Amino acid sequence: MPNGYGTPRAQRQSEDYTHNLRSSLLEEFRVSNKTNKKYELKDIYNHVVEFSGDQHGSRFIQNKLETANSDEKETVFKEILPNALQLMTDVFGNYVIQKFFEHGNQVQKTKLADTMKNHVLTLSRQMYGCRVVQKALEHILTDQQAALVKELDTHVLACVRDQNGNHVIQKAIERVPAEHIQFIIKAFEGQVQSLATHPYGCRVIQRMLEHCEDDARNGLLSELHKCTLTLVQDQYGNYVTQHVIEHGAPEDKAKIIQLVLDHLLQFSKHKFASNVVEKSIMFGDEEQRQAIVDNICAKPEGGSQPLQILMRDQYGNYVIQKLLMHLDGRPKQTLVDQIKPCLQQLKKYAFAKHINAVCTNQASFIEMIADFR
């Protein structure tokens, strides 16, 4: 191109090298869209592995496997199997392996699972391999699931904290029967606060709360309740406490909401804890919501009303808006009556117009807040 602009030399050299490595069949296939030539699986026999490692070839095989007959699948599978481990960690090849877990027969799935043996930890911590392990856990038999996940024993916490491995642990919790993942549950004992405040660990904790049996869940919750004050204010831990409020048993939900009530002003002004306050409003019962209103509207001697403080706060104003959205009847009117005298002095705050809107028309408020936040 003129003026020296164009594809960087290193990139051109890489593309030329890749081009030279392709077979004539793959080259022909890659330009087939221009020639309108239609390909079937039988047309790429003896080139399946090469096609699997190519972006366009991989997509072609994936699409064909969804409707292929058993003979076609078996022919493709026989070519893939000797190279399966390599393909599992390949940017394009991993998708072909995943398709066989979805559409292959039980014998083929078993052979692929056998190929993974002694490599599960490495695969689980690899960007593409972790996807294959997850797909395998969705489609193989229970005894095969148990054998694969057992390889992660003594490595659970390392996997939980790994950007790829955490997804495998989550999938094991979701898919593998409890008796086969006791080592995972055991690894979490005494680690709840550490994991709940970790960017990946907080996700795994939530999966455990969703899928574990009562004894394991109660053990987690027992630890969690001891550190809730910390979790509520943590950038990751707050998601765990929100999860309990939304999905937890009434007694566990009540414990967290009571903590929110005990620290309502502090939490409502906090970047992360304010999300927990909002969740308490959304999923608390009528009595708990009323307690929040009573706390916010209280008028302490010699101090500012919490309501006025929160209406001026960058996070607290969302708590007020959430209350207005979820209150009905007399409780809502009581709060509106408390807010209206303050609106004039709050005009300099960008968010005041949203509170004003909900005081007069809840529908317009919902539209405005959707655009604002």
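Cβ atoms are placed via backbone N, Cα and C, with glycine included.
Note that TrEMBL annotation is computational and uncurated.
As recorded in TrEMBL, the features of this protein are as follows:
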- 21-363: domain 'PUM-HD' (DOMAIN)
- 43-78: repeat 'Pumilio' (REPEAT)
- 79-114: repeat 'Pumilio' (REPEAT)
- 115-150: repeat 'Pumilio' (REPEAT)
- 151-186: repeat 'Pumilio' (REPEAT)
- 187-222: repeat 'Pumilio' (REPEAT)
- 223-258: repeat 'Pumilio' (REPEAT)
- 259-294: repeat 'Pumilio' (REPEAT)
- 301-337: repeat 'Pumilio' (REPEAT)
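Within its own chain, the repeat 'Pumilio' (259-294) is flanked in space by residues 228-229, 232-235, 237-238, 241-242, 245-246, 253, 306, 309-310, 313, 315-316, 318-319, 322-323, 326-327, 331, 334-335, which lie at least six positions past its ends and keep a Cβ under 8 Å from the stretch. Residues 156-157, 160-163, 166, 169-170, 173-174, 178, 230-231, 234, 236-237, 239-240, 243-244, 247-248, 252 of the same chain, all 6+ positions outside the repeat 'Pumilio' (187-222), place their C-beta atoms under 8 angstroms from a C-beta of that stretch. Taking DSSP states H, G and I as helix and E and B as strand, the repeat 'Pumilio' (187-222) has 26 helix, 0 strand, 10 coil.
With a cut-off of 8 Å between Cβ atoms, the residues of this chain six or more beyond the repeat 'Pumilio' (43-78) that come close are 22-23, 25-26, 29-30, 87, 90, 92-93, 95-96, 99-100, 103-105, 108, 111. Per-residue confidence over the repeat 'Pumilio' (79-114) averages 98 (mean pLDDT, predicted model). Sequence-remote contacts of a segment are chain residues at least 6 beyond its ends whose Cβ falls under 8 Å from one of its Cβ atoms, and for the repeat 'Pumilio' (151-186) they are 117-118, 120-121, 124-127, 129-131, 133-134, 137-138, 142, 145, 195, 198, 200-201, 203-204, 207-208, 210-213, 216, 219.
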